[in-house]
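Beneath this line is the structure, given in structure tokens, with notes to follow.
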Amino acid sequence: MNNNRQNKAALSGTTAFAFGRLWILLFLPLLLYQFYFLITEYQITLSAIYALIPFGLIIISSILIYIQKSIYFLIITQFVLLIFTGYYEFPLGIYMLIYSMTSILLLIIYNIYKQIDWTGYKNGMLLLYVTWGVFCLLEIANPNHVQEAWNISITHYAFYPILCAILVPIAIKKTNHIEWLLIIWSLFLIISATKGFWQKTYGFNQKEMNDLFELGKAKTHIIWSGVRYFSYFTDAANYGVHMAMGATTLAISFFHTNKIYLRILFFIAIVAALYGMGISGTRTAMAVPVGAIFLYIILSKNKNGFLIGILVLVSLLIFFRFTNIGQGNEYIRKMRSAFYATEDASYQVRVENREKIKALMTAKPFGYGIGLGGKAERFKPKELMPYPPDSWLVNVWTDTGIVGLALYLLIHIALFIWCSWILWFKISNKHLKGLLTAWLCTNAGYYLAAYGNDVMQYPNFIMIYTGFALCFAGVHIDKKLTEEEEENKKNIPIL
């Protein structure tokens with residue numbers, strides 16, 4: 001009886017395989033002919049789309065099979081789409097939102113047929129950002145509200161933080177899962193630095209030239225001190241800060257991993273990221289390692305980590321503030337100017353603008369409305385903020401008023417304290433703690449940079465929210481590691 005079933009199953013499998021081959025044999029010539037026709041007709045774009053169909057099918061199949069690992073696909077997708085924006089004009093935010101919503105829908109459908117381990121998604125980060133999300137919903141009642149502006153801005157205000165708070169604990173169950181995130185990030189940093197090198201060595205492509213000279217980007221990127229390169233990013237500030245984030249995270253992680261291949265990859269990516277940070281000419285980027293080292297010192301329980309953190313911080317301060325070493329290099333000179341911010345003309349203009357903004361904001365405790373506190377002319381609101389916010393935190397202030405800014409700061413202070421408490425008291429595994437510390441310290445540096453520049457853009461905020469979510473996921477990872485260690489001890493034979 002069993003043999004008959006096995007024979008039928010084998011026959012069924014053989015038939016299915018033969019049927020699959022038949023479809024391939026039928027459609028492959030048609031696809032090849034269409035591909036040949038498009039090339040001969042010089043339809044290069046359509047030809048490329050056809051050529052990418054197999055890869056697209058592989059990606060879609062992978063998403064369906066590994067839907068529980070959605071956070072990986074989310075991060076990879078944003079990186080890939082960002083690279084495409086360097087050559088083609090398309091709305092990155094809309095594509096990312098569609099992809100994210102589709103992932104959530106597929107996750108729900110998958111859960112109906114096969115139970116997903118939702119352990120960890122009910123966490124402090126979700127609670128805090130849902131609270132913030134409720135406030136953002138109430139901002140719809142703002143008299144100056146424009147729905148289109150709200151729809152665009154709500155993604156990085158509340159949607160992605162909540163999404164990461166749910167997806168990260170579902171996907172990240174082991175320390176090597178965190179390492180895979182770092183590997184993906186490392187590869188993107190290397191690609192982005194290579195693109196920056198290409199811009200510096202061979203010049204800008206047609207789209208970039210259009211952005212510079214038709215859309216006005218040249219005003220802030222081709223200046224008296226030189227050219228500020230921006231790779232695939234929207235601007236040099238976003239590029240420089242992201243490269244600083246990557247270099248900082250990987251530099252700390254480098255000392256908390258024993259795998260040789262990871263150390264080699266991290267080292268290459270760190271060098272590439274530092275190069276990209278340098279050619280961006282972004283002073284604000286210096287805030288990332290400085291803020292990260294400061295938090296690292298606070299989180300260091302052991303004397304060696306504390307002393308190393310102090311030594312690095314003091315060395316940075318002495319090198320950039322009290323010496324002229326490397327002053328002949330335009331990029332070091334630019335970075336050094338960050339330590340003399342009060343003497344910089346652009347900084348003084350920002351301070352003056354903030355005083356003017358402060359005078360206007362006294363009459364607007366709930367701001368101008370989400371998405372309307374900065375460059376909002378295209379939305380045609382009733383009232384416009386006449387001065388540029390120039391930084392993310394000032395943008396939050398102009399969007400949501402002093403009430404919103406106070407709530408935003410309280411939520412993020414609580415988030416940093418909560419995550420630090422987790423690292424201090426809930427994580428015992430040294431390797432895991434080191435990786436989580438690297439990410440949280442980078443977050444601290446990022447928010448310090450967010451005071452100086454509007455860097456809450458792709459792909460920065462998804463990496464930052466992933467970092468917070470990892471700390472909460474780390475509690476469950478550490479628990480499993482502890483249980484495995486105890487189980488291994490029990491299985492050790494007594495001689």
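Cβ coordinates are placed from backbone N, Cα and C, and glycine is handled just like the others.
Database features (TrEMBL):
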type: TRANSMEM; residues: 21-39; note: transmembrane segment
type: TRANSMEM; residues: 45-66; note: transmembrane segment
type: TRANSMEM; residues: 71-88; note: transmembrane segment
type: TRANSMEM; residues: 94-113; note: transmembrane segment
type: TRANSMEM; residues: 125-142; note: transmembrane segment
type: TRANSMEM; residues: 154-172; note: transmembrane segment
type: TRANSMEM; residues: 179-198; note: transmembrane segment
type: TRANSMEM; residues: 236-255; note: transmembrane segment
type: TRANSMEM; residues: 260-277; note: transmembrane segment
type: DOMAIN; residues: 269-409; note: domain 'O-antigen ligase-related'
type: TRANSMEM; residues: 306-323; note: transmembrane segment
type: TRANSMEM; residues: 402-425; note: transmembrane segment
type: TRANSMEM; residues: 458-477; note: transmembrane segment
Outside the transmembrane segment (179-198), six or more residues from its ends: residues with CB under 8 Å to it: 71-72, 75-76, 79, 83, 86, 172, 229-233, 239, 242-243, 246-247, 249-250, 253, 257, 259, 262, 265-266, 268-269, 272-273, 275-276, 279-280, 435, 459, 463, 466
Outside the transmembrane segment (125-142), six or more residues from its ends: residues with CB under 8 Å to it: 150, 154, 157-158, 161-162, 164-166, 366-370, 399-400, 404, 407-408, 411, 414-415, 418, 468-469, 471-472
DSSP-derived helix, strand and coil totals, residue by residue, for the domain 'O-antigen ligase-related' (269-409): 101 helix, 0 strand, 40 coil
